[in-house]
Amino acid sequence: MKETIDFLIDTIEARQVLDSRGNPTVEAEVFLECGAIGRAIVPSGASTGAHEAHELRDGGTKYMGKGVLDAVNKIHETISPALCGLSALDQTIIDKLMIEIDGTPNKSNLGANSILAVSLANARAASKALDMPLYRYLGDPLSNLLPVPLMNVINGGAHAPNGLDCQEFMLVPHGVKTFSEALRMGTEIFHSLKSLLDKKGLSTAVGDEGGFAPELSSCEAAGDLLLEAIQKAGFIPGKQVSLALDVASTEFYRDGFYKYEGTNLTSSQMISYLSNLVSNYPIVSIEDGLGEDDWEGWAALNKEIGHKVQLVGDDLFVTNTERLRKGILEKSANSILIKVNQIGTLTETLEAMDLAKSAGFTSVISHRSGETEDTTIADLSVATRAGQIKTGSLSRSERIAKYNRLLRIEEELGNQARFAGDLGLGPKNI
């Protein structure tokens, strides 16, 4: 039996490492008195919302200004001295103390990247000290639900240098009984899609998240390709495998218009366009269908199609409880995307998920386009019984690492493991 002193933080180390785009990011290690060590690496986004917590970068010439040595120094010089001697089991106290020391609304003093690295590393250290898997430590004995994967197999927008304005076209394999079956289904469709692209003379180069980045002219062209790939792989669109979109509308919202596929659309016209897509394709989820501050448009979109599909706020909510409360009050959406680095601590992430659940919203755990080998979000999805996870395509090892972690968790849970399947999707199945 470990004594209380065994869980005390002895020291915290940090370093600059690289993410999947070759850009610097922060890695932190929390060392406990008992010898347990927790390590975490933070991700970084390409299409970042204006309301996200602040990511500290060095500027200057090294790494084109994207170095994070300042953030590393903040951990060594400010965060570590403040946290040493505290119990790693007191996650909320640790996170709130870092927020207090930072003293800014968006963590621009210490940097969300430095704070989050320590927050996640601390949770890992605590779980190791207790000899528990992270999903069990963060969750409870009933944390046995494996999420439906939303697999980004065609990349566009800020994630790929092609002509697609829509950022992500995702496969949603839900009509099976296990996560491993869903992963197999998605993988077979991914390879089917590659074969189709080859035959059509289209590029099979991949984007930031491992999806293909062919030169396509429209969202509909991508949707048609996915339906063809699903059927070619031997599966039934809409029954076994559905589609999801991340429109990332903020990226092309300018001067009151959505500059989409060569035309200027009003909010009302964009809503009509999305409604038509839902009518013509087996789409179960649309993320960021409108811009991050188009609150009136979001409410209209939710009224129009929120009873049919999951409407996910990413840039709209940025994993922030204040913006989520506004969205709940105004009935702006029915789901929230959860990105730990948007808010900057594990505690605030869990608070956002609790608030979403209390309002009947679904939560989708998500990676970022600049990822690492860190697999925390896989454990988080099971710990919180989120029911859905976005962690990229079926290529690039920083994406596969999360899928492989979920396979191990499913195996570890044995006959207690459940797969979210159809029940993991919203809004009708909330």
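Yeah, the Cβs are placed from backbone N, Cα and C, and that goes for glycine too.
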Candidate sharing the Mg(2+) site with D246, E287 (per Swiss-Prot), from D224, D314, D315: D314
From Q91, Q167, Q231, the one annotated by Swiss-Prot with K339, R368, S369, K390 for (2R)-2-phosphoglycerate: Q167
Surrounding CB atoms that lie within 10 Å of the CB of S369 ((2R)-2-phosphoglycerate binding site), all protein chains: 25
Which same-chain residues, if any, lie at least 6 apart from K339 ((2R)-2-phosphoglycerate binding site) yet have Cβ under 8 Å of it: G45, D314, V318, T319, S366, H367, R368
Integer Å distance between the CA atoms belonging to D246 (Mg(2+) binding site) and Q167 ((2R)-2-phosphoglycerate binding site): 6
Candidate recorded positions E209, D246, E287, pick with smallest Cα gap to S369 ((2R)-2-phosphoglycerate binding site): E209
Mg(2+) site, defined by D246, E287, D314: further same-chain residues with Cβ within 8 Å of the Cβ centre: Q167, E168, L245, V247, A248, I286, D288, V312, D315, L337
Pairwise CA distance, K390 ((2R)-2-phosphoglycerate binding site) versus E209 (active site, proton donor), rounded so that it is a whole Å: 10
Pairwise Cα distance for E209 (active site, proton donor)/E287 (Mg(2+) binding site) [Å, integer]: 16
